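Working notes, beginning with the structure itself.
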Amino acid sequence: MYEQLHQYLKVLQQERKLTTNSYQSYERDLLKFTGYLEGEGVKGWTSVHKHHTLKYMMQLKEADLKPATIARHVVSIRALFHYLIIHDFISHDPSIFIEAPKLEKKVPQIISQEDTNRLLQVPDLSTAVGIRDKAMLELLYATGIRVTELVSLNVDHVHLSLGFIQVISPSQKERFVPFGNYAKEAIEAYLEHGRAQLAVESTQQEVLFLNHHGGRITRQGFWKIIKKYALEAGVSEEITPHTLRHSVAAHLLENGADVRAVQEILGHVDITSTMKYTSIAKSKMKDVYSSSHPRA
């Protein structure tokens, strides 16, 4: 059983180009499922039947796992059996009987344009770190890129004269994202005045955003930075590294951007990922209408 499982995991890693986190989730879920089957006395994939998968789902529910976690297990198991079917390892699919729990559609958390402006004004531009932080925040808000993409940028990924950055997504897909004058000025200031001070002892001269030790800033490091500035700016909402990305999407749509254009900017493969922000934009429009229209 493990031989076919590892073959499938190898396909996931090499052909699907999943992010590290996604791959590890698949691997963890499927190893747990295979261990369960062994405990049930199952000797091979052809011996897995409906009652095995249904019983496993019951065990997951009894373990008080979150619905999203159970749904992820369902996706992992179904994908494995699909692979086993199309490669003729099995003749029937016992996973067709299991159902993922219905998940509540969460509205992405955003901060207002006013709060965003306050946040962007907080960094102290008299220090190299403040200049760097200003550039990171401005670029993140200008482009809506993922924090992982932001901290992965190298100097040669930034094309100042063209007003574009070259972004490599977690799944290794490349895209070019535009940025405006505020971000351009902040990056220029960082490259001219801030980065040199941080790069004195750096062995990673290609890296764009450097930490105190001259190394690449981590995602966790940026999370601490944005939390600190949110507190100083008086932003009341709980803010995460992804909050600005959500806010960019909502603010673009609020101001009339085409949803397809926003999809391209954010690097969403599926437009449904972008469509979730339209409800926020529509809600904002209703507020504006109610407060501004004379006969509202």
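Indices start at 1 and increase along the chain as displayed.
Glycine too: its Cβ is placed from the backbone N, Cα and C atoms.
Annotation comment: TrEMBL describes Arg146 (among others) as active site. Around the Cβ of Arg146 (active site), the number of neighbouring Cβ atoms within 10 Å comes to 19.
TrEMBL lists His242 (among others) with the feature active site. Reduced to three states, the DSSP call for His242 (active site) is coil.
Residues or ranges marked as active site by TrEMBL: Arg245 (among others).
For His268 (among others), the entry in TrEMBL reads active site.
Per TrEMBL, active site, O-(3'-phospho-DNA)-tyrosine intermediate is recorded for Tyr277.
Here TrEMBL flags 1-85 as domain 'Core-binding (CB)'. Across the domain 'Core-binding (CB)' (1-85), mean pLDDT in this model comes to 89.
Residues or ranges marked as domain 'Tyr recombinase' by TrEMBL: 106-290.
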Between Arg245 (active site) and Arg146 (active site), the C-alpha gap once rounded to whole angstrom: 7
Separation of alpha carbons, His242 (active site) and Arg146 (active site) (Å): 7
